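Look at TrEMBL and you will find 104-131 tagged as transmembrane segment. Annotated domain 'Phospholipid/glycerol acyltransferase' per TrEMBL: 172-293, in sequence order.
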Amino acid sequence: MQNSTQDIPPFSFCERIAQFILPTFFANLQANGFTDLYDFLFNFYQNQSDLNEKLSAQYVDSINLNNSLINDFSQDLKCIYKLCLKIESNLFYLEWIFKLYLPLVYGSLIFIISPLLIFISLYASSFFLYLTKHWSKLKSDYEAHDVWQASIKCVLIFCESLGAILHGHELIGLENIPDEGPGLLIYYHGLLPVDYYYVHAKVKLYKNRQMKIVADRFLFKLPGFGSLLEALEVTPGSVESCTNILKEGNLMSISPGGVKEALYSDQNYQIIWGSRCGFAKVAQAARAPIIPMFTENSREAFRCFPYFEKFVHKIYEKTRLPLIPIYGIFPVKLRTYIGEPIPYDESRTPEELKQLTKERIEDLIKKNQRLPGSRLQAILDRFRVKRQKMD
């Protein structure tokens, strides 16, 4: 006969617990011919009198206990076992629920963490540029090779590669960017305008032209972004300073909607400029052409948590800080369209030029964007051949 609890193969999690609590009882079960606890209880239900005799022989021995005491013990044991089975079934159910929702939890974490990874990569780029900028000062032998510009190009190559991998980014109409002379690029502002940075990289890499960027002043308050803003030649920009930049023959980009358009526009891609026409004044004063730009699916790559939209709007109205709880990054197809330039016409007023530019961008949206935007369809666009809408 086996008389060790280690020799008794447990049939469930509950039996392991019971073996630990009642080792002598389990040893006696096997000594009396029971293979496990289940066999013991089965025999109890089938032949209670025979069970009582075995219990009496094992535990009572020479002590005279009446059958009612043994029956009470058997009933208590039966209740305890049923309770153990319920606990075990609940544990198995919880384990099943956990395994069922585990992929959803992981997926949610990815979409929540991805925007943080974007900011981390921007900080990493800024830190890299910061190091190479100062390293080039210390290593005078490399000054002739212009390490700073080489570092900027490395970051732009990384940015273009990121766009190709994450979004299959395409740029249509690059020929509308002039090879020389001034030009003012006006674009629609998505929730997180990664599409613009892909365009910025391509213009520098393939046209060898650096675009100055006019951005919201809050960007200059972010710690650690100084080197990156310097490398991309970002400026807060007044009408006078922007006019001078264009008069010097440079390219410049502005999103008139800015943060407000990012916050208040939606999947219908409304252009929200309000009364802003400073860019038109700049273009007229500098006699520079305006180049309209729009990126298909630019609002599908990132989304704002819907329950926080009203709260975010209130915070923005009071502080002018875009504290947006966004999630993404969804691998949607991004395709940027650069429209034909609007040439300078001295007979136009700034308001007329603003309206014409808005109409050109709305036309790009109408021809190339599915309305309302669909995240799923935008992802599927990566596997489709683009067919341009006809008027």
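Quick reminder: no glycine exception, Cβ is built from N, Cα and C everywhere.
It should be emphasised that the depicted structure is a prediction, and the values quoted were computed from it without experimental measurement.
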**Study point:** the domain 'Phospholipid/glycerol acyltransferase' (172-293): DSSP-derived helix, strand, coil residue counts
**Key:** 53 helix, 20 strand, 49 coil
Study note, to complete from the structure: The mean pLDDT across the domain 'Phospholipid/glycerol acyltransferase' (172-293) is 93
